[in-house]
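Written out below as structure tokens is the structure these notes cover.
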Amino acid sequence: MERPELPIGLPDDIEEKKEAARKWFEGLRDTICASFEALEDGLEGPLSDQEPGRFVAKDWSRENGAGGGGRMSMMEGRVFEKVGVHTSTVYGEFSPEFRAQIPGAKDDPRFWASGISLIAHPVNPNVPAVHMNTRMVVTTSRWFGGGADLTPVLSRRRTQEDEDSQLFHKAMEIACRNHAVADYDAYKAWCDDYFFLKHRNEPRGIGGIFYDWLHSSDETGGWNADFAFTRDVGRAFAMVYPKIVRSNFNKLWTEADRDEQLIRRGRYVEFNLLYDRGTIFGLKTGGNVESILSSLPPVVRWP
């Protein structure tokens, strides 16, 4: 989807809105981390004799005079081989070569951005990998963006008819249908288009939703409507993904399943390093490199 021209101008209470968004993202982080630790505790199948994982949090600040920072929350456990749940709130100025690509930054390079980003790589190949992020960005304009997508690593489960796929899609659809400012059909198609490995001519997973540059007019609810929808995307994810994990994490798997999982993880690496907009944004705005690249899986192979 082509980037739209967003209206220039900010509401008088933009600072209060920034603070509300930041608090929401950080609260969602804490909710998800607690939920994922509960999944670690609840394992009864393979590897249940191992100690359950716990998140390790690390705060970071931007360097070289740039403003803001964030928190990395990483866990390696018996359910999640690697999962990162990160929040950040950063501000400063876009570099000259990056300004023209960002709405409202061409003539004024100042920006503020806050958000949450999550990628989970489970141990059990029966449990799909997942990605979720939502964010608020402010330049001389303002908008929300984000989404969530599911990546089953076994070919027999990587279908739209699979029960996990249907459950995930339904959760995202409900989150969208409850808000007039959201367009589920467009966001689902955008996700399919965005999470596509062009050099392989194949999708990364089974999809989900993806949206960006959400800036509704005051007549359709404005910032409040956009923020309400973005919160419901986070809530939908926090509800549906643990259900999917619990329905699969006690199942047995084979060495062939593990091999297929590692090969599928290679597609994750290829996408994140070649195409991912968030990775490029973070690296070009002086983000925390360790946090940005923590989305990469811990063990990968290529055939």
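Placed from the backbone N, Cα and C atoms, the Cβ positions cover glycine too.
According to Swiss-Prot, the protein carries these features:
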type: BINDING; residues: Ser117, Asn133, Thr134, Arg135, Gly286, Gly287, Asn288; note: substrate binding site
type: BINDING; residues: His121, His131, His169, His199; note: divalent metal cation binding site
type: ACT_SITE; residues: His131; note: active site, proton donor
type: SITE; residues: His199; note: site 'Important for dimerization'
type: REGION; residues: 268-303; note: region 'Important for dimerization'
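Recorded features from Swiss-Prot, shown on the structure.
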residue : record                             : CB count, 10 Å
Ser117  : substrate binding site             : 25
His121  : divalent metal cation binding site : 24
His131  : divalent metal cation binding site : 24
Asn133  : substrate binding site             : 22
Thr134  : substrate binding site             : 27
Arg135  : substrate binding site             : 21
His169  : divalent metal cation binding site : 19
His199  : divalent metal cation binding site : 9
Gly286  : substrate binding site             : 18
Gly287  : substrate binding site             : 23
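Counting only same-chain residues at least 6 apart in sequence, those with a Cβ under 8 Å from the Cβ of Asn288 (substrate binding site) are Trp60, Arg62, Gly69, Gly70, Met72, Ser88, Gly282. In three-state terms derived from DSSP, Asn133 (substrate binding site) belongs to an extended strand segment.
Nearest to Gly287 (substrate binding site) in space, judged by Cα atoms and limited to the binding-site residues His121, His131, His169, is His131. Distant neighbours of the region 'Important for dimerization' (268-303): 60, 62-64, 66, 69-70, 72, 74, 76, 81-82, 84, 86, 88, 90, 92, 94-95, 98, 111, 113, 117, 119, 121, 129, 131, 133, 151, 194-195, 197-200, 204, 212, 259, 262; these residues of the same chain sit at least 6 beyond its ends, with a Cβ under 8 Å from one of its Cβ atoms. The average per-residue pLDDT of the prediction over the region 'Important for dimerization' (268-303) is 87, rounded to a whole number. Classification of His121 (divalent metal cation binding site) by DSSP places it within a strand. Secondary structure counts, DSSP: the region 'Important for dimerization' (268-303) has 22 helix, 0 strand, 14 coil.
As a whole number, the greatest separation of Cα atoms within the substrate-binding residue list Ser117, Asn133, Thr134, Arg135, Gly286, Gly287, Asn288 is 19 Å.
Cα-Cα distance from Gly286 (substrate binding site) to His131 (divalent metal cation binding site): 22 Å (rounded to the nearest whole number).
Asn133 (substrate binding site) and His169 (divalent metal cation binding site) are 16 Å apart (CA-CA, integer value).
It is 25 Å from the Cα atom of Ser117 (substrate binding site) to that of His199 (divalent metal cation binding site). Between the C-alpha atoms of His199 (divalent metal cation binding site) and Asn133 (substrate binding site), the distance comes to 24 Å. Checking each of the binding-site residues Asn133, Thr134, Arg135 against His121 (divalent metal cation binding site) by C-alpha distance, the shortest gap belongs to Asn133.
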